[in-house]
Amino acid sequence: MKILMRADTHVSFSVPADGLKANFTFSQVLAALSVSLCSLVVGFVSAYTSPALVSMTDRTITSFEVTKDAGSWVGGIMPLAALAGGITGGPLIEYLGRRSTILATAVPFIVSSLLIACAVNVIMILCGRFLTGFCVGIASLSLPVYLGETLQPEVRGTLGLLPTALGNIGILVCYVAGSFMNWSMLAFLGAALPVPFLILMIIIPETPRWFVNRGQEERARKALKWLRGKEADVEPELKELMQSQADADRQATQNTCLELFKRNNLKPLSISLGLMFFQQFSGINAVIFYTVQIFKDAGSTIDSNLSTIIVGVVNFFATFMGIILIDRLGRKILLYVSDIAMIVTLSILGGFFYCKAHGPDVSHLGWLPLTCFVIYILGFSLGFGPIPWLMMGEILPAKIRGPAASVVTAFNWFCTFVVTKTFQDLTVAMGAHGAFWLFGAICIVGLFFVIIFVPETRGKSLEEIERKMMGRVPMSSVVNIKPFPFNM
């Protein structure tokens with residue numbers, strides 16, 4: 001049975017509509033798992049402030065004073081540093097390679113956590129968080145590019161969500177450990193997490209596309225053999241890679257910045273930027289960074305630390321649901337479901353906090369914030385959490401993938417910084433209800449953005465996606481009606 005959502009959005013509820021068969025080679029799974037362990041570290045450090053600030057601001061535990069303003073900077077400086085890391089990461093993945101850039105973040109991740117763990121003043125914590133954020137920015141840019149360039153189309157959706165799954169495990173580990181560890185011990189745990197990632201990253205190869213871009217055909221062939229299996233015939237794929245690179249070289253200009261603003265490149269860049277905007281302005285990082293405080297403010301009858309653990313568990317399992325569904329239903333259907341779930345729950349949360357502030361009495365509804373948060377996290381983790389990152393690695397053209405991904409990542413972290421740094425001020429100015437209703441209204445706009453502009457990429461090779469985005473191949477007669485400017 002199929003549902004027609006748009007000309008490019010066909011969904012099968014039994015098997016993939018185009019009969020694609022997954023090809024999970026051990027080497028592809030190992031490559032995806034290796035880089036995804038970096039995402040586990042990212043998830044842990046991103047969630048760190050939620051449990052850590054509680055003990056960090058307790059003068060009986062901490063030998064130095066952490067004011068409310070300083071505490072907001074402990075949470076807010078990481079996305080600001082990630083913005084800088086995102087800008088830096090674009091040139092790095094082009095010159096050093098995707099794998100080498102990811103690997104280079106491992107030791108700084110360890111050092112930054114040790115700096116926080118051994119801190120004797122707020123400045124040391126802020127320096128550690130800044131270095132952490134800088135590495136997070138580089139990693140969040142590099143991971144989807146690496147996976148997009150190494151995984152086959154049949155498994156790119158499933159294995160491409162592994163970073164999100166392990167990132168959510170990192171968040172869950174942080175929540176669970178934070179319920180019985182103080183901020184210093186939690187940071188020591190954070191310093192240990194990058195070690196397995198560091199070891200495994202040494203084993204896997206660079207992406208074949210990067211080798212082709214560097215004119216290293218033989219090394220590209222060896223990388224493909226490693227990824228596809230020794231018995232696989234990689235010559236057709238290598239030939240397609242080299243042809244795609246030749247096409248890109250013919251159309252390229254000397255100035256990379258000018259390339260970004262060419263009409264054909266601006267279209268996928270704008271779509272990717274839009275997805276990142278609606279991802280962050282759904283309010284997700286305000287929820288993650290300030291979960292404990294939000295539950296306290298709501299007067300929830302459930303222990304706040306237990307609440308965060310429950311949210312983390314839901315986040316984890318929702319991502320695995322996404323892994324199962326993404327190559328069956330496609331990207332757009334999951335984005336629709338995600339957006340609708342967030343709109344409904346944010347509206348209800350806004351209503352709860354409005355009644356709490358202005359009446360009637362809702363003290364007997366202490367379970368409601370947790371229920372809404374669970375559904376909100378479930379919806380976000382199914383779609384708007386992982387898919388913007390996955391699609392960034394899919395729809396950006398090969399020739400500008402590094403600098404374009406840098407722009408998109410920096411923009412994402414800028415939005416993250418704005419949301420996390422202003423969330424507390426926003427709740428003061430508008431009330432918690434106003435903040436949640438504002439995020440809900442933005443989600444409504446995001447739903448229309450997905451319907452109108454976002455293409456479906458399920459089962460397509462990166463070369464096919466690029467050709468269609470550039471308009472180099474004819475579309476089906478239905479799609480050629482082109483009711484929307486960015487239709488694919």
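Numbers here mean position along the shown chain, with the first residue as 1.
Note: Cβ is positioned from N, Cα and C throughout, glycine not excepted.
Per Swiss-Prot, these features apply:
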CARBOHYD  Asn182  N-linked glycosylation site
CARBOHYD  Asn305  N-linked glycosylation site
TOPO_DOM  1-28  topological domain 'Cytoplasmic'
TOPO_DOM  50-72  topological domain 'Extracellular'
TOPO_DOM  94-105  topological domain 'Cytoplasmic'
TOPO_DOM  151-160  topological domain 'Cytoplasmic'
TOPO_DOM  206-268  topological domain 'Cytoplasmic'
TOPO_DOM  290-305  topological domain 'Extracellular'
TOPO_DOM  327-332  topological domain 'Cytoplasmic'
TOPO_DOM  354-372  topological domain 'Extracellular'
TOPO_DOM  394-402  topological domain 'Cytoplasmic'
TOPO_DOM  424-433  topological domain 'Extracellular'
TOPO_DOM  455-488  topological domain 'Cytoplasmic'
TRANSMEM  29-49  transmembrane segment
TRANSMEM  73-93  transmembrane segment
TRANSMEM  106-126  transmembrane segment
TRANSMEM  130-150  transmembrane segment
TRANSMEM  161-181  transmembrane segment
TRANSMEM  185-205  transmembrane segment
TRANSMEM  269-289  transmembrane segment
TRANSMEM  306-326  transmembrane segment
TRANSMEM  333-353  transmembrane segment
TRANSMEM  373-393  transmembrane segment
TRANSMEM  403-423  transmembrane segment
TRANSMEM  434-454  transmembrane segment
(Q) Restricting to the chain of Asn182 (N-linked glycosylation site) and a gap of 6 or more, list residues whose Cβ falls under 8 Å of its Cβ, or answer none. (A) Ser55, Ile61
(Q) Considering only Cβ pairs within less than 8 angstroms, which of the stretches 161-181, 269-289, 306-326, 333-353 has the most against the transmembrane segment (403-423)? (A) 269-289
**Q.** Recorded stretches the transmembrane segment (269-289) and the transmembrane segment (434-454) touching, at least 3 CB pairs under 8 Å
**A.** yes
Q. Per DSSP, how many helix, strand and coil residues does the topological domain 'Extracellular' (50-72) have?
A. 12 helix, 0 strand, 11 coil
Q) What stretch in 29-49, 306-326, 373-393 has the biggest tally of Cβ pairs under 8 Å against the transmembrane segment (73-93)? A) 29-49
Q) Which numbers of helix, strand and coil residues does DSSP report for the topological domain 'Cytoplasmic' (394-402)? A) 7 helix, 0 strand, 2 coil
Q.
Which sequence-distant residues neighbour the transmembrane segment (306-326)? Criterion: at least 6 residues beyond either end, Cβ under 8 Å.
A. 47, 50-51, 157-158, 160-162, 164-165, 168-169, 171-172, 174-176, 178-179, 291-292, 295, 300, 334, 370, 373-374, 377-383, 385-387, 390, 458
Q.
Need a quick answer: max count of Cβ pairs under 8 Å to the transmembrane segment (373-393), which of 106-126, 130-150, 333-353 is it?
A. 333-353
Q: Write out how many residues of the topological domain 'Cytoplasmic' (151-160) are helix, how many strand and how many coil, based on DSSP.
A: 8 helix, 0 strand, 2 coil
**Q.** Among 29-49, 106-126, 130-150, 333-353, stretch most in contact with the transmembrane segment (161-181) (C-beta, under 8 angstroms)
**A.** 29-49
Q) Looking at the stretches 106-126, 130-150, 185-205, 333-353, which one shares the most CB pairs under 8 Å with the transmembrane segment (29-49)? A) 185-205
